[in-house]
There are 2 protein chains.
Amino acid sequence: MALIVQKFGGTSVGTVERIEAVAERVVRHRAAGDDVVVVVSAMSGETNRLLGLANAIDPDGSARELDVLVSTGEQVTIALLAMALNKRGCAAQSFTGDQVKILTDDSHSKARILDVEHSLLNQRLGEGVVPIVAGFQGVDENNNITTLGRGGSDTTAVAIAAAIKADECQIYTDVDGVYTTDPRVEPSARKMNTITFEEMLEMASLGAKVLQIRSVEFAGKYNVPLRVLSSFEEGQGTLITYEGLNMEKPLVSGIAFNRDEARLTILGVPDQPNVAASVLAPIGKANIDIDMIIQNAVGDNTADFTFTVHRNDFARAKAILDETCAKLGAKGVQGDDHIAKISVVGVGMKSHAGVAVTMFESLGDEGINIQQISTSEIKISVLVEEKYLELAVRTLHAAFNLDKEPVQ
Amino acid sequence: MALIVQKFGGTSVGTVERIEAVAERVVRHRAAGDDVVVVVSAMSGETNRLLGLANAIDPDGSARELDVLVSTGEQVTIALLAMALNKRGCAAQSFTGDQVKILTDDSHSKARILDVEHSLLNQRLGEGVVPIVAGFQGVDENNNITTLGRGGSDTTAVAIAAAIKADECQIYTDVDGVYTTDPRVEPSARKMNTITFEEMLEMASLGAKVLQIRSVEFAGKYNVPLRVLSSFEEGQGTLITYEGLNMEKPLVSGIAFNRDEARLTILGVPDQPNVAASVLAPIGKANIDIDMIIQNAVGDNTADFTFTVHRNDFARAKAILDETCAKLGAKGVQGDDHIAKISVVGVGMKSHAGVAVTMFESLGDEGINIQQISTSEIKISVLVEEKYLELAVRTLHAAFNLDKEPVQ
């Protein structure tokens, strides 16, 4: 007997057959005595079909109208899933974001949820009805339809779970949980039974993209236990928890990596206030996302300044940086678009100094040269030559014994 | 400078190109100084695609969920048309039935409009914005999505025109107006510049299906001038007016016909109170629609009772009537599924007795035998053998001089 929010993404509801399979799963949970609210995405391909129509009319179509358009995708799925449940004798009703009253700000296509009205959902749950809610959409205070941006259905599910104080929010995807690292790189990668919110945030932003990062932040903020599971296989998935729940966490939980990075360094920038802003502002202005930032003061009143961008933005970023270099009177620009970023992540490392040493030594033992280092409370990231990526991941996975279940 | 509601059906918005053409037409009206509210249907084919998905899950799916599903069709069109207008520099905003607040009863899939909130539409019109409203849909008092049934977009347009007191409601279709009869049967059929509401109701229900009949009733009730025009050609179409507006109407305005009828007669029914109900109730119970009903008392305390049904329902209706015959002790059942109904329609005939004589004589002159006759205030309908249909229509069209513009 638990109150559960279950979210199924576009692949999980991509065909009539898969919608029927989702209905079967919901029926099993109901039969086990759980109360269930279901959140669904548009059938896979549907959002792109709708965007295709819009692009044919105006590639720069108004964001308000795009939201009216694409929000129909989820509306189709909620109706079909409700029918599939009703057919099985399971009382269910569909609700749009407007009908639930998922209030957002007015940033069309990337709106943020401000409030979820729980009264209608609680009423239906009390009547034994399974509410089927359209993910990804809401309304602003003027009743305009808004969308949360791609992947926003995860956030919808978490926000609903927070509003109705659900015992758990289950995100069904095409993977069966969160792994210590990518199993395609390290076959002995192990599915984690639990991971902390902080670790999940670092893992997600570093490339292990299982959950939309905003939904994880949201879940952390409202203390919603979040579980990632497979829609296609049985299993317990991975539960995302609070640090406090696991008193003895392993030093390192997982190895994240990103092979799409490029590194840029501007050398000998005269050291003055706002130097970082002078270097980075023109890059941001060009809508280039910056990932890792490292600044070294080198002792002669100048600084070396390194950052990474997506590989696709490398050429543009380099051209901008060359201009900046001339303007600031810096010594030069170096760049490398064949690098990879590898990070060890773990809340346990907060209180243990040895992790960095183990990391650097084991990479050094394999002859892998570390180009840059950046650290936060619960992760250490390094840049290495791209060709070393797989070797580095496997080396670190073994060095921290991640193939073995941690001793709790 | 007029306030106009324009409604475009599924064929008129069936492709991106046609949506662009609709946008051009709206822009021209705006440039001419008119204020415009646009009502659109789903792109042709879209509703059937959605129903196909629903049928794959449950052919008897809940009507509430079917409405949630199919109402997405119009929502797609409003967004696309708003984009097409915005692209042309014409301020436009899309609105669902819920956003306008088109309040209906809760009869899902065949809801009736109870009220249209005009404040939002008037506000946008005042700001110079063209509101684009989803036809065919509304919400009940509990905020459930409802639909008005197929063709309901016409009714939406008329209801909005009534609510905002529009000068005219224009229904764009694939025909350029209402004709004196079907031009495929009588090539000299003439497009009428005006027709009265009463005539239009008789013409529509008798087979000249240009407008949804409920929208015509609605327009009559609220005194909304209604115009039928072609979305593909220029022209003034046909204006549907009140009788009072045309003091001198021709005797006969048009010839309607229906070739899908079948006739059933039950002979020698003992004449007693409620005999009509005893005969028709079992037919109605079987969900068979009955069209024309004629009862003759024959003088020996029995009655002959004739009615027509759609040809597809003939066999079922005959079987039911055979049972009824035995139960009532009637003399027998006759039936003919190769008949056609032909009607002359005209408000002018109210005050002129000669129409029936002209009709019967001219049919008789051509050797066309009249099987049954039924009359109302403004129409005379006859049943004839199906093979005479074309000849009868052409004969009557000529007899009443319908190829010539009436003298006003």
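Glycine is treated like the rest: Cβ placed from N, Cα and C.
Residues or ranges marked as ATP binding site by TrEMBL: A:Lys7, A:Phe8, A:Gly9, A:Gly10, A:Thr173, A:Asp174, A:Tyr179, A:Arg184, A:Lys209, A:Val210. For A:Thr47, A:Glu74, the entry in TrEMBL reads substrate binding site. If you look up TrEMBL, you'll see A:264-338, A:344-408 marked as domain 'ACT'.
For the domain 'ACT' (A:344-408), the mean pLDDT of the prediction comes to 87. Following the DSSP three-state reduction, the secondary structure of A:Glu74 (substrate binding site) is helix. When the binding-site residues A:Lys7, A:Gly9, A:Thr173, A:Tyr179 are ranked by how far their Cα is from the Cα of A:Glu74 (substrate binding site), A:Gly9 comes first. In this structure, A:Thr173 (ATP binding site) is part of a beta strand by DSSP. The Cα of A:Thr47 (substrate binding site) lies closest to that of A:Gly9, out of the binding-site residues A:Lys7, A:Gly9, A:Thr173, A:Tyr179. Taking all protein chains in view, 22 other C-beta atoms sit within 10 angstroms of the C-beta of A:Tyr179 (ATP binding site). With DSSP states grouped into helix (H, G, I), strand (E, B) and coil, the domain 'ACT' (A:264-338) comes out at 29 helix, 29 strand, 17 coil. The domain 'ACT' (A:344-408): residue composition by secondary structure is 31 helix, 14 strand, 20 coil, according to DSSP.
For A:Gly9 (ATP binding site), the same-chain residues lying six or more positions away in sequence with a CB closer than 8 A to its CB are A:Ser41, A:Ser153, A:Ile171, A:Tyr172, A:Thr173, A:Asp174, A:Ser231.
A:Thr47 (substrate binding site) is surrounded by 21 other CB atoms, counting those within 10 A of its CB over all protein chains shown. Following the DSSP three-state reduction, the secondary structure of A:Thr47 (substrate binding site) is helix. Once Cβ contacts within 10 Å are tallied over all protein chains shown, the binding-site residues A:Lys7, A:Glu74, A:Thr173 are led by A:Glu74.
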